[in-house]
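Enquirer: Can you read through this structure? Questions will come right after.
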């Protein structure tokens, strides 16, 4: 099957998972910091590093890597939330969220990659 | 149908197109495709968020599907991180740092632009309605 269709199918599940976690976070977690998006992005980065290191077939990679994990993590929500922190003059939370997402994501993609290399 | 089910169906439906479009851009432009999807997605999400704050038309599932579903799946943090990892593993440090920093700067810039335009367009439609 075409990789574009596979990525689309995977994205359905990734996005619904993200939506479920975000909804859960809105109800149960403190609202001063976007914990839900951070958890989603960090766990997604870790898993993608892992999947990449396992050298799965291009079809499986399109479905799981590009589709599910690509659709699960989000760059746009992160930036709109960062913008919100700037607008509300929450400078400390802005930098904390920025560093945690960008540097934390990079660390976790490496962690997933080296874990996958072991197998 | 309950609102909750409606929202999930809408998120899934629109996510298919967001993920497929990102994959298509990735197929033709490789890493630049992900970058393009991410920055344009920042504009789109900010636009939609601030547009629907001004212009409440009642169909919550549509706003949720377009923003959380389509744009959320269209943009990605994990592939962006993986691209950076690949560059670092290949020891191309300058491109890695450039890609990393430009994603941060352009992501915020396009989100700010989307917010301004979305507010304006939302106010325009609200005045008309």
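Glycine residues also receive a Cβ, built from the backbone N, Cα and C atoms like all the rest.
What TrEMBL lists as transmembrane segment is B:7-29, B:35-53, B:60-77, B:97-118. The Na(+) binding site annotation in TrEMBL covers B:72, B:75.
Surface or core, plus neighbours and distances: that's what I need for these features.
Expert: DSSP classifies residue B:72 (Na(+) binding site) as helix under the three-state reduction.
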Enquirer: If I restrict to non-local contacts, at least six residues apart, and a C-beta distance under 8 angstroms, what lies near residue B:75 (Na(+) binding site) in its own chain?
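Expert: Once residues fewer than 6 apart are set aside, residue B:75 (Na(+) binding site) is near B:18, B:22, B:37, B:38, B:41, B:42, B:45.
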Enquirer: Could you tell me what the rest of the chain brings near the transmembrane segment (B:60-77), counting residues at least six beyond its ends with Cβ under 8 Å?
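Expert: Cβ under 8 Å, 6 or more out: 3, 6-7, 9-19, 21-22, 34, 37-38, 41-42, 44-45, 48-49, 52.
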